[in-house]
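Chemist: As listed in TrEMBL for this protein:
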| type | residues | note |
| --- | --- | --- |
| TRANSMEM | A:21-40 | transmembrane segment |
| DOMAIN | A:133-386 | domain 'ABC transmembrane type-2' |
| TRANSMEM | A:193-212 | transmembrane segment |
| TRANSMEM | A:233-263 | transmembrane segment |
| TRANSMEM | A:275-294 | transmembrane segment |
| TRANSMEM | A:306-327 | transmembrane segment |
| TRANSMEM | A:365-383 | transmembrane segment |
Amino acid sequence: MGVMKALIRKELLLLLRDPHGLLLLFVMPAVFVLIMTFALQNQYAMSSDVHLDFYLLSEHDSGLSRAFARDLANTSPLNRVPTEAGWEEMQALAQADEVKFLVRIKPGFDELLIQRKPAVEVLFAPGTSPVFASVAEGRVMELLNRLYLRYRLASMPGVQSSLEAQGEDLMEARSLYDDSGAMPSSVQQNVPAWLLFAMFFIAVPLSTTLINERQQGTLLRLRSMGIGPVKLLAGKVVPYFVVNLVQVVVLFLIGLYLIPLLGGDTLTLGAHPEGLILVSVAASLAAVSYALLVAQITSTIEQATIVSGVFNIIMAALGGVMVPSFLMPETMQQIGSFSPMAWGLNGFFDILLRNGTVTDTLPEVGALLGFTALMLCLTVWRYRRRAAEHG
Amino acid sequence: MISIRQLEFSYSPSARPVLKGIDLEIPENALFGLLGPNGAGKTTLLSILAGLIPCPAGCLFVDGRDMSEADNRSAARLSLVPQEYAFYLPLTVRENLTFFAGVQGVPKAEMDARIHEAAGQTGLEERLDSRAGKLSGGLKRRLNLAIGLLNRPRLLLLDEPTVGIDPHSRHFILETIRQLGRNGTTVIYTSHYMEEVEELCDQIAIMDHGQILRNGTLTELLAEAPQSVRGRQSTLESLFLDLTTRGLRD
């Protein structure tokens, strides 16, 4: 036990004396979580803070066109900005990003609508994101269809009164995310995503230490002192496992307390937060075993830094860390499902988004443990091969 | 007493042997110099002595105990001081000594005493709280040696312990090794500095191509050394060059 205590203490001391390692493991993910959470906040939730500003130009005056203009202005999250500008000037202002889009009610609006021809022109500003553009387009289409139906059915007796009902009255929408109907926010995606990214980055300090030990003869000295491969391995796994768990705590605290303090949404832990512990442990074991393999397959610190950096970024890009999986096409989602970071992220989402239980996380936990076993087998194989080559 | 009997070794069955029938007797408390050009097999021999490479049964004995058995090895209390700075540069001298004492199972109650003893023997008491990475080359060599003394070794294996240091530090380290010998530690010392070996060691072996070419006291070896071409006294270096041929090895 004394030997393990000495090995663990040494490893933690080395990490504490390594400002670059601390930057990589704690500062980088914390900064990423803060930046990405706030940057993507509007992409995740169409909250009352989001306004899609638009100018409207009506070139037709009728009851229908006025109803369209009025209803469009009252449609959330669209926000009509009053202006006296003409069409050309409006385009110049949209070009300058003053508004997100322009709506022009064409002359002969009523006839065009009834004939199911384009009665409205919509122009988007160059900087409008596709997500916002599709929201705006959807709202305009929805209104036009409603007006068309209202017009066609207006003359039918007994229908008039029911048509007065608003669309919202005819539809009940809610989210499975929680009972209040709230939608998951950016923080729910970004905290677990960047946490996993950071957890796998322990490959850099761990492999650096191990390669230094190998190059400086320290490993040789430890072996001559009777410290076998199992103890040496455990002496790396345990402290970095602890470091991973500290990362989990730090990033979850940021999501729970710091982000709301800065005006963002609060991270909610779901109905069964104990499941987070299981996923964190499995993800940590996967990350540590991956780091051990990186240290074994590389000979220099430069190689280890490049290999771990490149593979981490690929795993993160495919695994839905950098771009959420639901935004990817089907093929990319299928490829991404092979990334250990995707398994970890899905495990966290089971608890954080899907209100799942520990049982729901078992497939992902199993995959991560399988990955751990594979990495450890490859590490042992490489270690033995290296020992046979170099004595 | 260390006995090496007909020790053969190769890194794989198909590879050429690195050690070929090594026979050596090293008396207790001896300061034993092991010389050889690069690739002679010194490091492999030291690795076997240090337990880094398992030795076949019946080839290596310390005080009559077969070192192929793990229990006998731990009882032999040997210590290897590698040629590299085999410690952690970001840690302080004290933290390094504490760590290496800890992994060797030094009891907590004895820890401080052992650290001060090793630091005292190597003149590092005043530098216990200095970062190892900030030490000069000579102090680093002394720390390397101090770590090797933490288990109060009966057999100390020193692999070129004075490489790249100033004369004062070299003198200090050689004096420390001499003192260790006087206090009952058997020292096996490898070096490329012939004058150091001449000055320090009371028994010397010269090896090349995995074999021991000569073994004896300095006087015995010098009696066999050829006269220098410059007409100077026979030296260990001239014997070494003569035995191992003068061609470049690297």
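Placed from the backbone N, Cα and C atoms, the Cβ positions cover glycine too.
All TrEMBL annotations are machine predictions without curation.
Give me the lay of the land around each of these features.
Modeler: Note on the transmembrane segment (A:21-40): residues 15, 186-187, 189-191, 193-195, 197-198, 201-202, 204-205, 208, 243, 247, 250-251, 254-255, 258-259, 262, 264-265 of its chain, located 6 or more positions outside it, place their CB under 8 angstroms from a CB of the stretch.
For the transmembrane segment (A:233-263), the list of distant contacts is 4, 7-8, 10-12, 15, 25-26, 29-30, 33-34, 37-38, 187, 191, 194-195, 198-199, 202, 206, 209-210, 227, 269, 276, 280-281, 283-285, 287-289, 291-292, 379: same-chain residues at least six beyond its ends, Cβ to Cβ under 8 Å.
Counting residues 6+ beyond its ends, the transmembrane segment (A:275-294) has Cβ neighbours under 8 Å at 196, 199-200, 202-203, 206-207, 210, 233, 236-237, 240-241, 244-245, 248, 252, 269, 304, 307-308, 311, 340, 343-344, 347-348, 350-352, 356-358, 360-361, 364-365, 368-369, 371-373, 375-376, 378-379, 382 in the same chain.
If you look at the transmembrane segment (A:306-327), the same-chain residues 6 or more away from its ends with a CB under 8 A from one of its CBs are 189, 193-194, 196-197, 200-201, 203-204, 207, 291, 294, 297-298, 333, 335-336, 338-345.
Same-chain residues lying 6+ beyond the ends of the transmembrane segment (A:365-383) with a Cβ under 8 Å from its Cβ atoms: 229, 233, 278-279, 282-283, 285-286, 288-290, 292-293, 296-297, 340, 343-344, 347.
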